[in-house]
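Lifted from TrEMBL, the feature list:
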{"type": "BINDING", "residues": "H12, L14, G39, E60, D84, N102", "note": "S-adenosyl-L-methionine binding site"}
{"type": "DOMAIN", "residues": "19-187", "note": "domain 'Ribosomal RNA adenine methylase transferase N-terminal'"}
Amino acid sequence: MLPKPRKRFGQHFLTDRHYLSRIVAAIDPQREDTIVEIGPGPGALTTELAKRVERLHVIEIDRDLAAVLRQRYAPTQVVVHEGDVLEFDFTVLPSPLRVVGNLPYNISTPILFRVAEMAERIVDGVFMLQKEVVDRMVAAPDAEAYGRLSVMLQYRFAMESLLHVPPGAFTPPPKVDSAVVRMVPLGSDRLRAKDEGLFSRVVAAAFSQRRKTLRNALKPVGAPESFEKAGIDLGRRGETLSVAEFVALADVA
Ligand code: SAM
């Protein structure tokens, strides 16, 4: 029997075997992989992964679910880390790491930013999220869904939307459609901003008011004259710029 889902932890449990097996196939776990699962819940995906890898790590905030998981699996097979994934120190886990999970949708964006911070230590990430967030992750310039999340993640990862999952696959069904996305860190020859903090501020400012031209939107970050050196028309709006153009802007600021 499923435990009573807790709304505050964004609990929607995957109960459809068809979608479960498609997600496992998308992850394609190999015995020697070090995998960490975020939000295992009652363990539908956990059980499938645990069968296939030597040792699985899971991070679960719900004390009761963590206790259920500890009882079900041998500690050598599944290591249960009870706590908040946003506070979790991933450096305690061996790397390179594969990160997977049917994420709690209420905090999926901050989780993605945490994963981005450790891009250098991971092999890939395979996550189920709201479809609307996956659309933003994979969006190209000029698309309606293109925004800060698209640029900040595409700066570090190649991303692919793998499958669409309807609300009925979960108990209780969420109000929104879901999708599975794979993120693979770009190689060490990827484009890098000279100052990544500044890059992130430029991107945030450019999208803070979507209707504004770059000339106006970037004022809080630097004088328009300094950005002109990038050779990008400052009459354009942020939503039209590629990741490379954002890097060029940050590098001259
Ligand atoms: N993986 C399970 C499944 O597919 O049935 C559960 C998915 S449910 C959408 C999200 C899970 O993340 C829940 O088990 C919830 O308790 C857990 N969770 C919510 N917030 C969390 C947090 N901050 N840190 C770790 N786990 C969290």
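The backbone N, Cα and C atoms fix where each Cβ goes, glycine too.
Any TrEMBL annotation is an automated prediction that lacks curation.
Structure with TrEMBL features highlighted.
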residue : record                               : Cβ neighbours (10 Å)
H12     : S-adenosyl-L-methionine binding site : 22
L14     : S-adenosyl-L-methionine binding site : 19
G39     : S-adenosyl-L-methionine binding site : 25
E60     : S-adenosyl-L-methionine binding site : 27
D84     : S-adenosyl-L-methionine binding site : 10
N102    : S-adenosyl-L-methionine binding site : 27
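Per the record's binding annotation for S-adenosyl-L-methionine, residues H12, L14, G39, E60, D84, N102 show a top Cα-Cα distance of 20 Å.
In the three-state DSSP assignment, the secondary structure recorded for G39 (S-adenosyl-L-methionine binding site) is coil.
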